[in-house]
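Pulled from TrEMBL, these are the features on record:
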DOMAIN    A:73-185  domain '3-dehydroquinate synthase N-terminal'
BINDING   A:111, A:112, A:113, A:114, A:115, A:135, A:136, A:148, A:157  NAD(+) binding site
DOMAIN    A:187-336  domain '3-dehydroquinate synthase C-terminal'
BINDING   A:190, A:252, A:271  Zn(2+) binding site
């Protein structure tokens, strides 16, 4: 595996500032990069069985080269691992290794492992050092920036957690070559999202260069770095999600409702696919409200379709609940503030904004018009 | 119950600054005081069965006067409630009440309820508003300032938690009249600790006025306020316990070891009693190391004895493990940093300091000399 000079994105959060290194071969340099920042540290690595099989040996060798002999804690793969029971297991594993507050907990995996491990690192001894080694494209562009950690509750996803900024993120773009294409595409939806929020030039660049991002050339690291920079900008403005940060939920209100409506069945819809459809719907809805041009909505749909992502509700296999039921999933969503419907809408590509008090009746009509059942009927 | 004008202690922590109100009858004013600071908030109250029987109706009436109809979550009493299972229960209760991030979680109880509830408030939706209503003297002088929350692990006490500053603390000194005298005394040990750390004038005042503090006159609120101010000063210097804050552990290294050596059996030794003996031992040890005058150690012992607190190991009923075993409890303590023995020692009353690299051999000799077995033998 070649080791190119990685791209560094600095996340500026005052005394919690940290670097994201993005490039191929970073797993092998993990020990060196961690020891340079946290000399003399000991470490626990938390991962899942699938990622362990593919990448744990490489990471361990990389840590050992930097003088770190990690304790390894392996979880089952999948969203169900974001539970209180597994949180307790990880916490106990870290304590069993007798790590102290100045030592480091490393998350090696996708979003599930990153969220669970960050939460554990945030609560053992009231906060240890945390290093992310995201192994999915989604985790590299999304969860590696922002400091959100957490688990799910039977009452909803990500309802329990802490804000914890990592001390370092190592986004090894080489590991993405082993991702199934469907998972890569789902992560790509979140990458494109940053273009749609406030970087129209990123979206335009992706329209031209997306195939190189998928193929794994230097364009891949470049695109990931640009998405991380975009997210870091938003997070730096609003670390604890009291305002602007809600922009990151572009596509997520519709997307979460569709995930819930399909019972989080990954065979039908994974998170990034829900976000892809959600972004297309948010643009189409904005156009219907005369906020944005229908041409922009069409451009988004065309690009999502080109990369092979679903972009409309009828792309989801199987039956969907009706529009009323979809609306009720939206009103149950945690982004509903004191009963009012808050949406991320847009005035065009790269011009997303937070719209409060969106009338539920408008959402319902829109869902009816775009529902696969109504299309078949009409 | 009379409602006097409460004493206000401001805890200065920048944008996390908050007030501690100290006085009689505050439960009845809870709704007013909370609504003034957090208008329109909804609330959950977390308490235990014993405290609920004594004070819940008063607090509920006080909240309702301020327009707050709380959801109540009741836990079993006792240290065992600081567990993952009960944390999950409290978290679920808060979510079931459909509270949002801007709503408030109120802890009504002693240290156990405060620690557990604060932890839950810190992780539901990644952090809600937290209000403490401490009902024990220990909780009023100790856990209501500092922002430490947490639960126990089978591997040790308070090993899992977060830092979360409350938005308000209501220390109702009237509720302390219902405390058993032994529990009041145990809390008093922590109160006296602040004099011993860096407020010699507080300790001298307590030597003269302690009976009025026990009796419940205005001196009680005055003493609690002074202890809160003392702790707030230390915490403001070191919110996340990276330095000076360790001073608050005066008496705790020996105290924790004695608690562990008695299997946390409250019938033999409660936390505050362990701290009392620990403070006396820390002074005696400092005198043995020629750091402080033996007269100061004697003064501490005399005062603890006068108020009816245990002050030496032989005051603990039943057999104690030998000195070697006690030392091993100390070296397992979480305040041991990278293998070196860190102690809070003193140069005299009100002159405590952090001593790193205290030789284990010195501690062992001292424990042998002061062990009840050796005294009997000698």
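Glycine residues also receive a Cβ, built from the backbone N, Cα and C atoms like all the rest.
Keep in mind the model is a prediction, meaning the values are calculated, not measured.
Averaged across the domain '3-dehydroquinate synthase N-terminal' (A:73-185), pLDDT for the predicted model comes to 95. All protein chains considered, the CB of residue A:111 (NAD(+) binding site) has 23 other CB atoms within 10 Å. For residue A:252 (Zn(2+) binding site), the number of other Cβ atoms no farther than 10 Å from its own Cβ, over all displayed protein chains, is 23.
In sequence order, A:82, A:256 make up the list of same-chain residues 6 or more apart from residue A:157 (NAD(+) binding site) whose Cβ falls under 8 Å from its Cβ.
The record gives A:190, A:252, A:271 for Zn(2+). Within 8 Å of the mean position of their Cβ atoms, the other Cβ atoms in that chain belong to A:138, A:142, A:189, A:193, A:251, A:255, A:272, A:274, A:275, A:278. Classification of residue A:157 (NAD(+) binding site) by DSSP places it within a strand. When Cα-Cα distances from residue A:113 (NAD(+) binding site) are compared across the binding-site residues A:190, A:252, A:271, the shortest belongs to A:271. In this structure the C-alpha atoms belonging to residue A:252 (Zn(2+) binding site) and residue A:111 (NAD(+) binding site) are separated by 16 Å.
Residue A:115 (NAD(+) binding site) carries a helical DSSP state (H, G or I).
Across the fold, the C-alpha of residue A:136 (NAD(+) binding site) and the C-alpha of residue A:190 (Zn(2+) binding site) stand 12 Å from each other. Every protein chain shown contributes to the tally, and the Cβ of residue A:136 (NAD(+) binding site) ends up with 24 other Cβ atoms within 10 Å. Separating the Cα atoms of residue A:271 (Zn(2+) binding site) and residue A:115 (NAD(+) binding site) is a whole-number distance of 15 Å.
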